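Okay, structure first, notes after.
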Amino acid sequence: MRRRPLCTSASRVTASLLLSFLAVSSAAELPILPAPPISPQPHSSEKDFSLRHIFHHGTYKYPELHRRLDVPENAAVWAAEHLHSEHREPVPRLRVKAEPMSIQRLADRSKEAIDGILEWGRMKGRAVQLAEDDWTIDEIAGPNVTDRETVLSFARMASNAYILEPNTGEWEDVGGGFNYTEDFGWESDGLRGHIFADTENSTVVIGLKGTSPAMFDGSETTTKDKENDNLFFSCCCGQGGQFLWRQVCDCQTSAYTCNSTCLVTALREKNRYYYAAQDLYHNVTALYPHAEIWMAGHSLGGAVSSFLSLTFGHPAVTFEAVPEAMPASRLGLPVPPGHEIGSLQKRKMTGGYHFGHTADPIYMGQCNQATSVCTFGGYALQSVCHTGKKCVYDTVKDLGWRVGIGTHKIVEVIKDVIEKYDAPPICEPYINCTDCYTWKYFESNGTETTTTSTSKPTSTSKSSKSNTRTRTETCKTPGWWGCLDETTTGTQTSTSTPKHTSTSSTSTCKTPGWFGCKGRQRRANHNNNKVLAHNYPRPSTHRNNNILFLPNINFFMSVPRLVRRLSRRRRPSLPNKTEVVNSSANHFVYVLHA
């Protein structure tokens, strides 16, 4: 190849040198550009999980109990509807797809920092105001809730019970050295956590399951469950609603009006399930300090999983969870600046996904009607708002289901809902939601007392057999069938010996209901009017002045079946001078005139 001859012209050489100097000087003045960002390592799109540990933390009967059972790698694990179920199935493959997600959480999530924030909120009844610098938005690997198999795996991890083969592992006490080996029934009290880890121990799922609450009082634990749930999930401690709701405080001042100062004082009692879950969480993070934590849970366990998710900033996938936005606010969980305190349902980037179907009254916030099983059990579940995003299967429209508590169990949800649909529902935030919208809350100085005054007219002779009750003050709680204020009979007097005397009294109804005041009432003697109970069981304590209501409901009978049975039933033959004063699907009330 022929080489190009060198340039010998002085002018050309000078021009070339000048251009070279200019290029070098210009490059020196230019700013040094940063290196292009290194693309983040792609999150593993598929993870296989297996059961590694089972934690059990006591709540009421054994509050200091905390045990751990390690599951061997090749142990045979079976799934069942409950611990004593005869029907068992081998646990299928737990495969989960992951995807990048953004989550807003506290920058300092240490135990000491979180405990200080929660203690302040517990004493004040509201979340502490934190600066914007205290929060961070992190991109982490989260579950892909658009994948059907991922949703199924989370539902199985939130299942009721996992049973190991006999003689597989032993329970060990986690700290404290408390020995409950000889105590019977410790497994039925408390919160149980099933710990799943992937093959690389990079992601851990905590599946929480609370002990199934009994519907009717039979033990101290059941009563404590009702007190705990009615404090956090009802509008005002179970007051101002159904007759059978268990009342756990006296903060209602009038109809749909609640003293928030009184309510905060009642809420200072720690939520046993939430604090037990925190202790369980810290033990899991100690075992897996570098792993990303995901949460799963069903029903009450789903609500507690959501509490942990909002507190420590982890993704959560729950199933048929009790609406938890209102109790999360009452726990004083922290919220980022710019968010209205008490409206956690409007908070974004929480990482929470709540799956459920429209036929479940607990998930939909409808298990508070007069004929609901929750009401019969004394539970006042009035909260309706979820945090994060709701993922709703419309089983009422798509499958023709009727609303009922029987569709709440996780086994039915897996087999009859998730596996029946070809794809999971779309998860959307439900921000146009308000808890207890008919209620008014006010703050006070905490020194108010409720008093009841009675008038005592002078008397010159004995009262007669028939008494007429009149009120001397304005009715504070009007109802459908008259005033619902509780009446306390004053001293019966008369100025002579007439046939009828009048009794004046004043009252304050603490707990209004549909058919009268729920408080204890003193009945006057009514000899002229007698209530006839015609071949019916002994009535309950539900009395309303001169009328005795006779419940005739099978608690476990469906409403349509009840209506059909009542429509076929003939009313009993009655004596003369008998008046039917009220008849409904729930009661037959007759009054026999003397």
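Cβ atoms here come from the backbone N, Cα and C positions, even for glycine.
For reference, Swiss-Prot has these:
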- Ser299: active site, charge relay system (ACT_SITE)
- 447-469: compositional bias 'Low complexity' (COMPBIAS)
- Asn144: N-linked glycosylation site (CARBOHYD)
- Asn179: N-linked glycosylation site (CARBOHYD)
- Asn201: N-linked glycosylation site (CARBOHYD)
- Asn259: N-linked glycosylation site (CARBOHYD)
- Asn283: N-linked glycosylation site (CARBOHYD)
- Asn432: N-linked glycosylation site (CARBOHYD)
- Asn445: N-linked glycosylation site (CARBOHYD)
- Asn576: N-linked glycosylation site (CARBOHYD)
- Asn582: N-linked glycosylation site (CARBOHYD)
- 447-473: region 'Disordered' (REGION)
- 489-509: region 'Disordered' (REGION)
- 1-12: topological domain 'Cytoplasmic' (TOPO_DOM)
- 34-594: topological domain 'Lumenal' (TOPO_DOM)
- 13-33: transmembrane segment (TRANSMEM)
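Sequence features annotated in Swiss-Prot and their locations in the structure.
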{"residue": "Asn144", "record": "N-linked glycosylation site", "DSSP (3 states)": "coil"}
{"residue": "Asn201", "record": "N-linked glycosylation site", "DSSP (3 states)": "coil"}
{"residue": "Asn259", "record": "N-linked glycosylation site", "DSSP (3 states)": "strand"}
{"residue": "Asn283", "record": "N-linked glycosylation site", "DSSP (3 states)": "helix"}
{"residue": "Ser299", "record": "active site, charge relay system", "DSSP (3 states)": "coil"}
{"residue": "Asn432", "record": "N-linked glycosylation site", "DSSP (3 states)": "coil"}
{"residue": "Asn445", "record": "N-linked glycosylation site", "DSSP (3 states)": "coil"}
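Put simply, Asn259 (N-linked glycosylation site) is 10 Å from Asn445 (N-linked glycosylation site) when counted between their Cα atoms. Around Asn283 (N-linked glycosylation site), a 10 Å sphere centred on its CB holds 18 further CB atoms from the protein chains shown. Cβ neighbour count for Asn201 (N-linked glycosylation site) (all protein chains, 10 Å cutoff from its Cβ): 12. For Asn432 (N-linked glycosylation site), the nearest neighbour among the listed recorded positions (Asn144, Asn201, Asn283, Ser299), judged by C-alpha distance, is Ser299. Local packing around the Cβ, expressed as the count of other Cβ atoms within 10 angstroms, is greatest for Ser299 among the recorded positions Asn144, Ser299, Asn432.
Across the structure, Asn144 (N-linked glycosylation site) and Asn259 (N-linked glycosylation site) place their CA atoms 43 angstrom apart. For Asn283 (N-linked glycosylation site) paired with Asn259 (N-linked glycosylation site), the C-alpha to C-alpha distance reads 38 Å. Regional average pLDDT for the topological domain 'Cytoplasmic' (1-12) in the model is 54. Here the Cα atom of the residue listed as 'active site, charge relay system' is found 29 Å from that of Asn259 (N-linked glycosylation site).
Note on the glycosylation sites Asn259, Asn445: the fewest other CB atoms within 10 A surround the CB of Asn445.
For the pair Asn259 (N-linked glycosylation site) and Asn201 (N-linked glycosylation site), the C-alpha distance works out to 49 angstrom.
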